[in-house]
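Asker: Provided herewith is a single structure, encoded as structure tokens, for subsequent inquiry.
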Amino acid sequence: MRYLITSALPYINGIKHLGNLVGSMLPADIYARFLRQEGEEVLYICATDEHGTPAEIAAIDAGLEVAEFCAKQYHKQKEIYKRFGLSFDYFGRTSAPENHELTQYFYQQLAKQNFIEEREISQFYALDDQRFLPDRYVTGTCPHCGYEQARGDQCENCTKVLTPTELIKPRSTISGSTHLELRTSRHLFLRLDKLSDEVRNWVDKQTQWSTLTKSIALKWLNEGLKSRCITRDLVWGVPVPTEGFERKVFYVWFDAPIGYISATKAWGDITNNDWECWWKESDDVHYTQFMAKDNLPFHTIMWPATILGSREPWKMVDYIKGFNWLNYYGGKFSTSSQRGVFLDQALEIASADNWRYMLIANAPESADSAFTWEQFQKQVNKELADNLGNFVNRILKFTASRFGMTLPEGGTPGDAEAELQVTCNELVEKLRKYLHNLEFRRATETLNALWRTGNQYIDVRAPWVLFKTDQDETAMVIRTCVNLIRLYAISSAPFIPHTTQALFDALQLTDVERRHTMTEASDLTLLAAGRSFMVPAPLFQKIDDDLVAELKAQYGGE
């Protein structure tokens, strides 16, 4: 089996926040790293989502042409994701030629199958701005929940998909003007109504989907699918290859999911790999998507309808890992509202691994979760710095001071070591099971339990006391503990990869040893006497109360 993994495409309109990271890219990366470690063939694809009104609005605010703005943002985002250790096999752009080509191709296939129709619609025209206002160019009050900053394409508060004309008290996002009038314009529609039965049949077969994902898909289907407009009166986007529509582009939610395929094509072209084997005639491919819940309607309904309507054997997703929202002191993390902590800011505060661990430990899997600075402090200090970092520091420093920079000889493992081995084996298998099942909070809890096991062992065995009476027994305890460090490095690798590399280097592991699976690493006798090691710098810096108070004041955490 080969594993295709995609995470929801981060939008180009600004640096993403912690909620974006934990709701798609981070869990996808952890899953990809774990599967690679297990020896599986993995392809992890992502790209920036660059079309639509938010990109144009952000470019206007930045005083740049939209193409220049998107190019700069792409490189900024790509660099930040690299610093966070996101291991994309390819990170592309929906503005790339491959995506233009494939988007137009899918449209033409749908048109051939009579799933596209022209319609004349009424849409807002801003008299003061002298232009049509599609999607997010209109802001107003949501008719469903009353949220006053709802956008013309979707309410970010209740996730309802909207049209601009549904908004109460609509206004131009550009100028704030309420001098709007309805004018007619011809557009192209995807006949979701004609594809409804096929989509429902496909959704009904997805028995492994989570309650969150399945319920959102069924809610849409039960409300009845309506034809969806897939063109916009914009300049920036994929041009519509139809006479009479030369001044229109495709709706961002039509071309964006095609970006998964087009980015794979770009990867294949660059690396001389067969990209089509991942997307066509791909019975041996298991495809998993990662995204937050506001993206689920498009990925469970509109994108599958596009594939089904093409009447071609494109790969359909096998499992969608949907996430709820990460909230920040009473409100959802939001790029458009600039609420919360953004990824560039986060890296100035703490290391990438601190954030990776804390976020995935609190991933909003079954319900919304809340970020607090106190929780961040607790998990960095107690779980990372104490349970892992302090264990490594105590063992390697003690070994260096008493035995030198090689593992000492002597002693034979006894009942305590046998019991420790059984416990570690059980925890490693639980960890692997949870990662296979995409249960990230449980996986992180199990990893922390594995770290605690080592601390409990040395508290009982107390090598610094034992050394005074039995140096051979102490040597055996030390070797066991250093093998625990090796196990911690490998089992932690999907979660905190930068720390893992520091541990690999400290233990001077060979290339083969660094590629061990968690199961292979469970043997607590593998590193034998005579092996060299180094004492690394402290792995984690603790966060004190003064810094927490400062961060709460700076980022509105009250």
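Placed from the backbone N, Cα and C atoms, the Cβ positions cover glycine too.
Residues or ranges marked as motif ''HIGH' region' in Swiss-Prot: 10-20. Marked as Zn(2+) binding site by Swiss-Prot: Cys142, Cys145, Cys155, Cys158. Sequence annotations record features per position, and here Swiss-Prot assigns motif ''KMSKS' region' to 332-336. If you look up Swiss-Prot, you'll see Thr335 marked as ATP binding site, on the strength of sequence analysis.
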Asker: Of all the binding-site residues here, Cys142, Cys145, Cys155, Cys158, which one's CB has the most other CB atoms within 10 A?
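Answerer: Max Cβ neighbours within 10 Å, all protein chains included: Cys155.
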Asker: Residue counts in helix (H, G, I), strand (E, B) and coil for the motif ''HIGH' region' (10-20), per DSSP?
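Answerer: For the motif ''HIGH' region' (10-20), the helix, strand and coil counts are 3 helix, 2 strand, 6 coil.
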Asker: Cα distance, the residue listed as 'ATP binding site' to Cys158 (Zn(2+) binding site), nearest Å?
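Answerer: About 16 Å separate the Cα atoms of these two residues.
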Asker: Using all protein chains in view, find how many other C-beta atoms are within 10 Å of the C-beta of Thr335 (ATP binding site).
Answerer: 20
Asker: With DSSP helix as H/G/I and strand as E/B, how many residues of the motif ''KMSKS' region' (332-336) fall in helix, strand and coil?
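Answerer: Result for the motif ''KMSKS' region' (332-336), in helix, strand, coil order: 0 helix, 2 strand, 3 coil.
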Asker: Whole-number Å only: compute the distance from the Cα of Thr335 (ATP binding site) to the Cα of Cys155 (Zn(2+) binding site).
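Answerer: It is 14 Å, counting Cα to Cα.
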Asker: Through the lens of DSSP with three states only, how would you label Cys155 (Zn(2+) binding site)?
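Answerer: SS state of Cys155 (Zn(2+) binding site) = coil.
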Asker: Other than Cys142, Cys145, Cys155, Cys158, which residues of the chain come within 8 Å of the Zn(2+) site, judged by Cβ distance to the Cβ centroid of those residues?
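Answerer: For the Zn(2+) site, the extra neighbours are Pro143, His144, Gly146, Tyr147, Ala150, Asn157, Thr159, Lys160.
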Asker: Taking the motif ''KMSKS' region' (332-336) alone, what is its mean pLDDT?
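Answerer: Value for the motif ''KMSKS' region' (332-336), mean pLDDT as a whole number: 74.
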